[in-house]
Structures are given as structure tokens and as C-alpha cells.
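Noted in TrEMBL for the protein shown:
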- A:21-40: transmembrane segment (TRANSMEM)
- A:77-296: domain 'ABC transmembrane type-1' (DOMAIN)
- A:81-102: transmembrane segment (TRANSMEM)
- A:114-134: transmembrane segment (TRANSMEM)
- A:167-190: transmembrane segment (TRANSMEM)
- A:225-247: transmembrane segment (TRANSMEM)
- A:275-298: transmembrane segment (TRANSMEM)
Amino acid sequence: MKAADKTKKTKGLHNRDNMGYAFIAPFVLVFLTFNIYPVARTLYLSFTDYSGFNVPTWVGLTNYIRVFKDKLLWEAFGNTVRIWGINIILQLGIAFLLTIVFSDMKYRTRGLSIFRALFYLPNLIAATSVAYLFKTMLDWKFGSFNQILKGIGLISESVDWMGTPPLLRTAVGVIGAWMWFGNSFIMLMAGVQGINRDYYEAAAIDGAGRWKVFGKITLPLLKPIMLYVAITSLIGGLQLFDIPYLMTLGQQKQVRAVNTAVMHLYTMAFKNRQIGYAGAIAFILFFIICICSILVYLMMYSKKRKEED
Amino acid sequence: MKFKRLTALMLAGMMTLSLAACGGSASTTSGTSDTETKDSAEETTEAKDTDTAAGSDDKIVVWTLAADLEQFAARYTEETGKEVEVVVIAPADYPTKLTSALGAKSSEADVIVGEPQMLPNFFEAGFFDDLSQYNVDDYKDTIVDYVYEAGKDDQGIQRALSYQVTPGSIIYRRDLAKEIYGNDDPQFISEKFKDFDTILATAKEVKDAGYRIFSDTGNLRWYVNTQEPWVKDDVLNLSDTAIAYMDTAANLYQDELVAFAPEWSAAWYASMAGELPLNAGWSDLAELEGADMTQVFSYSLPSWGALIVRDNAADNKGNFGICKGPSSYFGGGTFLGISAYSEKKDAAWDFVKYCTLNDETAQWWLEKSNGDVVSNTAVLEANKDYTNESFGNQKTYEFYMGEAQNIDYSVKTKYDDTIGGFWGASIEAVQKGEMTKEEAIEDFYMQVEATFPEITVVR
């Protein structure tokens, strides 16, 4: 009774119930300053004609209407999807193959943790270094890639990888796959390791072959994680910027070939000084990413509900 | 327990303080009012002139992308005893750094600079102070007209001035001209560059002699929209000159009438001294041993380009001439102004005036820079008879002065850089056969419409 009275009388930070606010204050302050404020400010600016130099004037939905009319933006979306398509097929394909190899009891592949680290390594290299490395390798005159292909007799004339739009898009997609297949592999392996061993034992007792086990047990049970990888990759793909931007720096024609939605946003904001419009592009992208995230959530939720049923 | 609480509170406090400090540094207060007159400025200057032991309190800070101003500042300090700190910022970083600092109303810089393509944005942002308070109009005739006009904002308020002019020219090889035409006279060669059709014919003559007219097709870009603006009354103006440029550039490229050495490439620099490998692109010369060689007949560059050619000419020094191209234009130049947030505006004006409107400074810079073309009309006039050894004893100042006076600044718009870039990309697509001319023009229209919805495109 005495202790309760004491608690009631104390105020402010002396009240232990209020101490929590002080403890979370640093995080909340940083979060509000560096996360919430920029988003709110971008939202506000997306309804203005702000150029970075002028006093913002309210223009209503003009910027959002413009997004739907901007042919360059939709061309950039097209590029983004094409690059992502190449990326996801390769990224998931390689990751899947490796998962099969490393999860098959028969192969008994050793050193999984070492391989896992090795496959993940490209993801740890800075995007600037990756872009410069591939830009040098893909140079049509002196790039090592053409020299290797010529050396093994696959081509007789140098290929202009950087100057041919479809090849450049393919190259950017392949680079993305190379950087991210390790990440997908780790997730798929985690999925495989999460499958109940009883299924495999039951299949073995029933005399199922390796491919049957893979097709009827591993693949269906891995489907949710595969979808998760695909959709998170789509979210990442929609934000694709660093590699194509750094590889094509200053080359107008090359920029157009791999101009992604975020590159277009960047050009509008920092080259053409149309920050209000760039804000509207950012929010349209944000909504698309939100829709993708909701899809992931619904997929996981429906799976859980089915399991409960 | 008490210790833990205290530690947590201290940590929270420190983080809050550090955040507050970060914000504080970017919110320096603004400078003095705009009502000071030229008289007061002169008084201040005179007062300071008598104070030979000017302390660091009087020091002004110059933010620039041109290292030239370091030499101006050293001479200014030597003559006046006033301290000037020059901060040279890489041109690629300059607009961003200036925008973030002055956007936060920083009073750190007193004198700021800009190149012509940057000025409209800087003026719109209010970074450059109004110079009319210093009666700048009194000095209107001191410098070349187009330089004076380039320093005005869209309301006609003078905000910046430059110490140099950068008119365009065709810089050609006199020895090759004699070999091909038996004549190296600038008037005669100028006729060979009078319009795009003539340039194409000249290119064929030069190729027949075993040389190439230009290092690459981009040499012609300067002449697009020198007489008509890209945008007039918010309507896109795809001029006949721009179309002619596309046709000529495509022909030059497809008939291999240029050397295919882009500006600023190793081969481009090498061409000024003699032979260069054909189709060198951006490659290192060492990688091109055994390639077919040629020589470049001419370079289409502003006045600063003449200095580059001279400095890389090696044994070819003295072998060059300068003449007029299809039209007069300018490219580049450093413009000085007073930061709107400076707390030492009078001292800043004194330095700007010293660099841009002072006859003695202009004469000194003309000699010191060994060839930079100054904006000061009296000094240009005084040096018009100077014969330049590097250019076959040609009167180069007289030539550039004439060209500078022909420049029509009214055709310049804030869209020029971006729209020019789109047009260049369309030309490249036609040159390489990736698009037909009609497709490339349509693509150009689409890019302009998408980027600048305020511009009407009439097809």
C-alpha cells in the first residue's frame, strides 16, 4: 500500500512508468527525423512544383496525372521489368539448382557453410566496384569478356555489349543474378531444411524415386519460399538503380537502354530539377511496392490458414 | 540501478544534442540588408584600403569552380592588403555543394561563381545578390555585351559578371590548308566552313587529301541554335539549322569523314601534335599500335579551346590558324557574384569589381594567362593588334573581340543543355542506323514532351 502511494506521488521521469519514454526517445527522434520526416516532406513536395531552388507552389494532382502520361517513365518501367525478368530467371534457376545439389542426400555434399559464404560473397562487394568491374570487362574493344569468347572460338568479331541496348539490359540482369543468387540460395536451403524429414522417410518406404520425391515433396513445400524470393526480388528490382546508373554514367544512349524507374526519378529530381514530379514518381513506386508486399503477406497468411484448417 | 538510469539518460541526452547540433550548423542566419548603396560600398572600401593590417575578420571567402580566381585573389591581396580565401570545388560537385549550403542560408561564402548554364537556376534560387545596388549599370560599357546580358536574371536584374569571354572559332592547321588548298588565309578557310553543306563538301576534300576534317561529329554541335532559341514562347523550336546538323553529322559519320576521336580522349589531344590512329575512340594510344593513321584538319572550339590546342601542339605550335565557323557562339565562362547570404557584401563587391571591371586587372590577366580572352572591351581594343606566334602571327584578340560582339545572348534558354543532349542522342541513333531520321525526330519530341510538359511540341 505504501509503495503504491509512493508511485502515485512521483511525477515525470521519477515515475518508473515514464522512464520507458526516455529510453525509447533516442530511437524515436532518429526515426522521426530520418524516416518519417523525409517521407512526409516528399509527399508534400509531390503536390508542388518544387525545383530545389524556388518556393514550392501547390499544384494539386498535376504531378500524379503526369506520371501516367510520361512515356519515358513507362519505357523505364518496361526496362525495369525486362532486366528483372532476366535477373529472376537466372537468380532463382541457379539458386534452385544449387539447392537441389546441396539438399540431395545421395550427393552428400560437404562444406555447405563454406559454399554458402562463397555464394554470398558477390553480394558483399560494393555496387561501385561491381559496376566498374563489369564495365571494364564488357568493353567491346579491350574487355576481357570478348577476348575470352574469341579465345574459345564462340565469337569471331567483338560484341558491343555496352552499346547494344538488349545486350546491355541482359548484362545488367545477369550481374544482378550473380550478385543475388547466393542470397536466394540461403533462403531456399533454409526452406529445404525446414521440411519435415518424415515426408522423405515415408516416400522412401513407399519406394519413391529421387525425382518423384523432388517433384512431389520438395518442390511443393518450397513453393511459398520461392514465391517470397520472387516477390522480394521484384520489390528490389523496382528499386534497381546503382548498377545500371554507374555502368552508364554520362552515356546518354546507354542510359536510355537501361533507364530504370528509379533512374528516371533521379534524373527528374537532380538533373532536370523537377523535385515535385520526382516525388510523385516515388509515391507511385511506393504504392506498387506496397501492393507487392500485400501480395506476399496474403500468400503467407493464406498458407498459414490452410495449415490451420 | 541508479547508475544504469543515469547512463541511459546521458546517452539519450547526447544523441538529442548531436541531432540538434547537426540541424544548427545548417541554419546560419542571413546576411545584411539589400539597401546599401554603391557610395557606402566605396566608403567601406576606402576605409579598408587605408587599413594595411586587415585582420581575418575582414577576410572574404570565394567559392569557385575555376582555379583562375586563386591568382586573382593573390594579386588582390598583394595590392590591397585584404585577405581572400579561395575555395576551389570540382565543377561536377559545385552546383550540389552551393545549393545545399546556400539553400540552408549559409553565410560562409561571400563571392560565388557559376557557369552560364548554371546561372538561371542559381538566380531563381536567389543565391546571387542584386548588383544594381552598386550601380553596376555604370559599368555596362566596360565589358562585352553578351557577358553583361548573361549575368542578368529573367527579370533583367544584374546578378553576375565575368572577367572572360568565350567566343567560338574554327582552329585549323595552316600547313594542311596550304597542302590541300594552297591557301591558309583565315578568310579563305572561313568560306570552307560557312554552312553545313559547305562543311560536308570540305570534309570530302580533306579526306581525299588523306586527312579528316574534325576529330568527331560533335564538333558541329556548337552551331545549333546560335541564331534561334530551342524554346520560344514555350513552344519547341526544331530549327532548320538543327535538322541540317543532323543530316551533316550523319553524313560525316557514315562516310567516315571524321577521325572518330571524341573530345577529351587521348587521341584527341594527340591529334594536335600530329598523327593519330583512326577510330581511336576512348582507347589508350599504346593499345592502338599498327592502326591506320591520319591527321585532324580543324577543331571547332570556344576561345579556351585555342589554349588547349596551343598547349598540346608540341612541334605544331605556330602551325594553327583561327577563323569563323557557320555562326558566332560562346561556350562556358566563369561568372562572379555576391552571395545573397554574405555578411561582407561590400568587401565581396570590391573583389568582384576588381576581377571583372578593372582595366588593369584585365590587362594583367590577359598577360598572366597567356591567351585567355578577357571581357574588358578597352583592354581587348588595346590588344587587338597583338600578333599571336602560336597561331601564325594572327591577331587572335581582334578576331575573338569581333566574334564576341556578334553573339546574340537572347537565344539562350534554361532548356538548352537538356534539349541539346536529347538532340545529340537522336543524331547518334541516326548516325549508327538505329533509327530513321523521322523516328529519331519523333523520339526527340517524345523526350522533350515527357521531360518538360510546359513546352508545347508542334509536329
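Along the chain as shown, the residues are counted starting at 1.
Glycine too: its Cβ is placed from the backbone N, Cα and C atoms.
Long-range contacts of the transmembrane segment (A:275-298) within the same chain: residues 42-43, 45-52, 56, 59, 63-64, 66-67, 73, 227-228, 231-232, 234-235, 238-239, 261-262, 264-266, 268-269, each at least 6 residues beyond the stretch ends and with a Cβ under 8 Å from a Cβ of the stretch. Remote same-chain partners of the transmembrane segment (A:167-190), defined as residues 6 or more beyond its termini with a Cβ less than 8 Å from a stretch Cβ, comprise 79, 82-92, 94-96, 98-99, 102-103, 112, 116, 118-123, 125, 130, 134, 138, 159-161, 222, 225-226, 228-229, 233, 236-237, 240, 243-244, 247-248, 254, 257-258. Residues of the same chain lying 6 or more positions beyond the ends of the transmembrane segment (A:81-102) and with a Cβ under 8 Å from any Cβ of it are 109, 112, 115, 119, 169-170, 172-174, 176-177, 180-182, 184-185, 187-189, 192, 214, 218, 222, 226, 229-230, 233-234, 237-238, 240, 244, 258, 260.
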